[in-house]
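The active site, proton acceptor annotation in Swiss-Prot covers His43, Glu70, and the record cites sequence analysis as its basis. If you look up Swiss-Prot, you'll see His190 marked as active site, proton donor. Annotation comment: Swiss-Prot describes Asn7, Arg18, Asp191, Gly213, His214 as 3-amino-2-oxopropyl phosphate binding site, evidence class sequence analysis. Annotation comment: Swiss-Prot describes Arg45, His50, Thr100 as 1-deoxy-D-xylulose 5-phosphate binding site, evidence class sequence analysis. Per Swiss-Prot, the feature site 'Transition state stabilizer' maps to Glu151; the stated evidence is sequence analysis.
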Amino acid sequence: MTRLSVNVNKIATLRNARGGNVPDVLRVALDCERFGAQGITVHPRPDERHIRRSDVYDLKKALTTEFNIEGNPDERFIRLIEEIRPEQVTMVPDAPDVLTSNAGWDVARNYDHLCRLVERFHAWGIRTSIFIDTDLDNISWAAKTGTDRIELYTEPYAAAYHKDMAAAVQPYVKASVHAHSLGLGINAGHDLNLDNLRYFAERLPYLDEVSIGHALIADALYLGLEETIRQYRDQLAL
């Protein structure tokens, strides 16, 4: 069964919009676990416009499910990972001012850098994942780095879903089969929601994990957090 990791960045965005500690990121994350989430994801950025470094430390102390930290692996991020030692680190090639992740790694061009990162994170006992598009050659390069997993960037799937579902998912099916043949685990994330998730999960073989934040938190405004997580888990209970 594919695991659901809830990204709590949007909770931090809401908190920071007003100041103070409402909503409480830690409490929401723990409630997500209690309601059935199988992991918690955060993506701290240098300007701390949502998740703060202090949040990351607080979450590490309290979480009982897998903790996944995403981010651009600059030296500050690497130091944070060394201190926190999450279960998984997802390397994302974000520019500091980007609104949200919008592309995967060109692994061939960044191969030596990613190899060094994977080796470093493995030395600390951390599972690694490289954020990536569906290009098969790029996935082959990712496997050569020694990474444990890739995370497929799913915004193109979500954007094309209502035009032609089969065509939208096909590159991801091929990417998943190829990655699995190379010994890679497969994660996925970006713009997955209650409308498009089941179709994606049903057709994608070997899908280990999805991380979902924006859509899930938006749905929770109407459905409540517990019911929302239940519905997302149902989409993955294949």
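Placement of Cβ uses the backbone N, Cα and C atoms for every residue, glycine included.
A count of other CB atoms within 10 A of each Cβ picks out His190 as the most crowded of the recorded positions Arg18, Arg45, His190, His214. Counting Cβ atoms from all protein chains shown, Asn7 (3-amino-2-oxopropyl phosphate binding site) has 25 others lying within 10 Å of its own Cβ.
Here the recorded positions are Glu70, Glu151, Asp191; the one with the fewest Cβ atoms within 10 Å of its Cβ is Asp191.
When secondary structure is read from DSSP and collapsed to three states, Arg18 (3-amino-2-oxopropyl phosphate binding site) falls in the helix class. Across the residues annotated as binding 3-amino-2-oxopropyl phosphate (Asn7, Arg18, Asp191, Gly213, His214), the widest Cα-Cα separation comes to 26 Å.
Put simply, of the recorded positions Arg18, His43, Arg45, Gly213, the one whose Cα is nearest the Cα of Glu70 (active site, proton acceptor) is His43. In the three-state DSSP scheme, the residue listed as 'active site, proton donor' falls into the coil class. In the three-state DSSP reading, Glu70 (active site, proton acceptor) counts as strand.
The closest partner of Arg18 (3-amino-2-oxopropyl phosphate binding site) among the recorded positions, by CA position, is His50; the full candidate set was His43, His50, Glu151, His190.
Ranked by CA distance from Gly213 (3-amino-2-oxopropyl phosphate binding site), the recorded positions His43, His50, Glu151, His190 have His190 at the top as the closest.
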